Amino acid sequence: MHFMDGFLPIGWCVFWAVLAAPFLIYGMWKITKMINNDRHVLPLMAVCGAFIFVVSLVDIPSPTGSCSHPTGTGLSASFFGPAVTSVLGLIILVFQALLLGHGGFTTLGATAFSMAVMGPLAAWLVFKGLRKTGRVPLGPAVFCAAVVANCVTYLITSLQIALAYPVEGSVLTAFLAAAAVFAVVQIPISIIEGIISGLVATYIARIKPEILQKLGVISGEEVKKVLSEQA
């Protein structure tokens, strides 16, 4: 969800920016540390950033009159975690606002909090939880992470709208109304995004399994299995 300039009251713009700031600061530190330890992660990080950029540009009109789009953050959150993804997401949002007119600058903190912070955080928790069971392959785990990232992003967006514009004084009523509007198109979009993200993750695991192993995304046994299939 890209909030345009002037959509949210300035007080709420500041509030959401302050909430997003710690995640972004930590993410910048995390990226610096990661690159200093192994610069080979840079190409994959760039791919994840490009994936977010392209996917999140797809605007799909809703029958309710709003617009919905994928977020693309589930893949990056699965590979690099929520902190790194928050920075990638912020960079993408700045470029989209500056070059393409998607979203505004005064509302950047609010958009970043929903799309670049909370969505990736939820995706990472789901991905890690599924992978720790030892029963869920990479592709399906990323699928679930991407679906959750998308849905949580729009739930937070609905909350942001509800807090700024309660219906007859009721935040809950406004939240449910906004969530219902988004859900019509957003749920199918999240499933499609999940499928694409899962396929991309599986492909990357086949061509660059050693990078994903270094990131702790796949195990040594999974790498051996991939290499044996290619032999």
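Backbone N, Cα and C atoms are what each Cβ position is placed from, and that goes for glycine too.
As written in Swiss-Prot, here are the features:
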type     : residues : note
TRANSMEM : 6-26     : transmembrane segment
TRANSMEM : 41-61    : transmembrane segment
TRANSMEM : 79-99    : transmembrane segment
TRANSMEM : 107-127  : transmembrane segment
TRANSMEM : 136-156  : transmembrane segment
TRANSMEM : 172-192  : transmembrane segment
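Beyond the ends of the transmembrane segment (41-61), by six or more residues, the same chain brings 31, 34-35, 67-73, 75-76, 79-80, 84-85, 88-89, 91-92, 95-96, 100, 102, 115, 185, 189, 193, 196-197, 200, 204, 208, 211, 214-215 to within a C-beta distance below 8 angstroms of the stretch. Long-range Cβ contacts of the transmembrane segment (79-99) within its own chain (Cβ-Cβ under 8 Å, at least 6 residues beyond either end) map to 2, 20, 23-24, 26-28, 30-31, 34, 41, 44-45, 48-49, 52-53, 56-57, 73, 105, 108, 111-112, 115-117, 120-121, 123-124, 201, 212, 215, 217.
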